[in-house]
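Student: A single structure is presented below for examination.
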């Protein structure tokens, strides 16, 4: 699973996931499923934000190409992917600026158009079950919840899906692709079932040949979301690497 993750996700996403697991004292060599889940969640958060801006009139627009002459503001503030101290600093700044109620738990995004924090969920189970778990944990009507599944289902607070259908379809397609790629490598069952995960871990410890030697294909599309995070967690020497867009899983 670890090899699969490193080949199928952008290196910057992988690095963020590694830092997150290290921050919480988790070993990615053992918790490989969690490693994959964190990378998936990070990518969904970045895709959620990608290409969405607010123009001078305060309208939400989608721009896929950078226009240096356009006076645009990013619609979403990305909180996920930052270390806890910096994340809370961003949240406090947003609350002080917008008057938003400070959430009890760290959310994933802030939507400047709708003026609300957003909690993104990616589940391997039924969306309504995971939604209820999130809602019971957060216990706040102020934080908007949006859940995606690997089967193309989604659920959001008051059926308000925030994004346009095309943007959501892009996320669903990516999740479905990840599922298919995992299944083709015999990793999906262990990703879904803890019991199967233990069996897979034993296999992984015996052999690290899974996905080894496969060529990695790089899409040339730039991820604006990753660019937003650059000042917060990247140094200038790695800007070129940052600008590399999301990696696609190599075909068998």
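Cβ atoms are placed via backbone N, Cα and C, with glycine included.
As annotated by Swiss-Prot, active site applies to 80, 108. Taken from Swiss-Prot, the feature site 'Important for efficient shutoff activity' applies to 28, 65, 202, 203, 206. Residues or ranges marked as site 'Important for efficient shutoff activity and nuclear localization' by Swiss-Prot on the basis of similarity to another entry: 195, 198, 199.
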Student: Counting only residues 6+ away in sequence within the same chain, which have a CB under 8 Å from the CB of residue 28 (site 'Important for efficient shutoff activity')?
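Tutor: Long-range Cβ contacts: 2, 17, 18, 21, 34, 35.
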Student: Among all the protein chains here, how many other CB atoms are within 10 A of the CB of residue 80 (active site)?
Tutor: 24
Student: Do any residues at least six apart in sequence from residue 108 (active site), in the same chain, have a Cβ closer than 8 Å to its Cβ, and if so which, in order?
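Tutor: In sequence order, 41, 45, 78, 79, 80, 118, 119, 120 meet the Cβ cut-off.
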